[in-house]
Amino acid sequence: MQILTPHVYWAQRHREIYLRVELSDAKNLDISLQENTLQFKAQGHGAKGDNEYEFSLEFLEPVRPEVSHKSTQRQVDIKIRKQEERWWDRLTLQEKKPLFLAPDFDRWLDESDAEMELQAKEEKINRISVESRVRKDPYLGLKKGYLFMYNLVQFLGFSWIFVNMTVRLFILGQDSFYDTFHTVADMMYFCQMMAVVEVINPLLGLVKTGFFPAMIQVAGRNVILFVIFGSLEEMQNRPVVFFVFYLWSTIEIFRYPFYMLACIDTEWKLLTWLRYSIWIPLYPLGVVAEAVAVIQSLPIFDETRLYSLPLPAALGGSLSFSYTLQLYLVLMFLGLFINFRHLYKQRKRRFRSRKRKVN
């Protein structure tokens, strides 16, 4: 009598073997492991109609004697634990694959993908273990509420600046460049004074971002806003003000809502991508615009002697503030490198973790 064999599909992980037997409405299941060989016999509807089907598989390496299986109307799923957690080159001891056996591409992973999946599972288990041991912060809700409100206020402030400048640009064209400061400076002052909080938050442990990158960005912007634009009336009517403010606000209208939603454990994929991608062209452009503003202010500081440092009578005169700004230009581009590297690492970690979640 001819022995009928069902179609069997297999996949593996470092710890388990998965078998999917194409046998619908299976009954009278007889599945056993003897001397590293799986024996399967059942009645059901397979490739040859309603019949009794059976097969055997001798595995490449030792497996544990326990077999777990689940029968559905369409198939029989079998899971077997390996004796050692390692990757097999093939499933069976015999090199030639049985004709009824094929890869289960619905569950198939190569070794590197399986390692990533295993690592993600271990990280999740470790995180749950750590979270169960760590005492919950009784003020967590209050902290999240504070951060949510801060990011909301900043988002509304920079959105007002962005929309105001955009509307004026469409209505007035290039003429809007020359009165940007007088139109939106008050709101920009407010937002940048509020931004000092971003330097304090890491010190208080309210956020996980680094202290130095936040300090570099906030201090750099405040030098441009308060020292260059705020103290020199000659700079306030120049087009560079428009480009600096517009680039700042464009970055922030995506950054602050991202952090705001994070406070309530919510994520929008498009917003996440924009937050971690749009700064790549805009941040260097913003630094270039700031550098142009500094360079344009140098002759004004030389002429007005504003903020000049008095020197002893023997040396005569005073030391112009423009020399400090020239040093600041060097530090500005050094800060660009530090911040760019920090933000790029954040972006890389973020999308790597998202890829693991998807897999």
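Using N, Cα and C of the backbone, Cβ positions are placed for all residues, glycine too.
In TrEMBL this protein carries:
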type     : residues : note
DOMAIN   : 3-92     : domain 'CS'
TRANSMEM : 145-167  : transmembrane segment
TRANSMEM : 244-264  : transmembrane segment
TRANSMEM : 276-301  : transmembrane segment
TRANSMEM : 321-344  : transmembrane segment
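Summarised by DSSP class, the composition of the domain 'CS' (3-92) is 0 helix, 61 strand, 29 coil.
The average pLDDT computed over the domain 'CS' (3-92) stands at 90.
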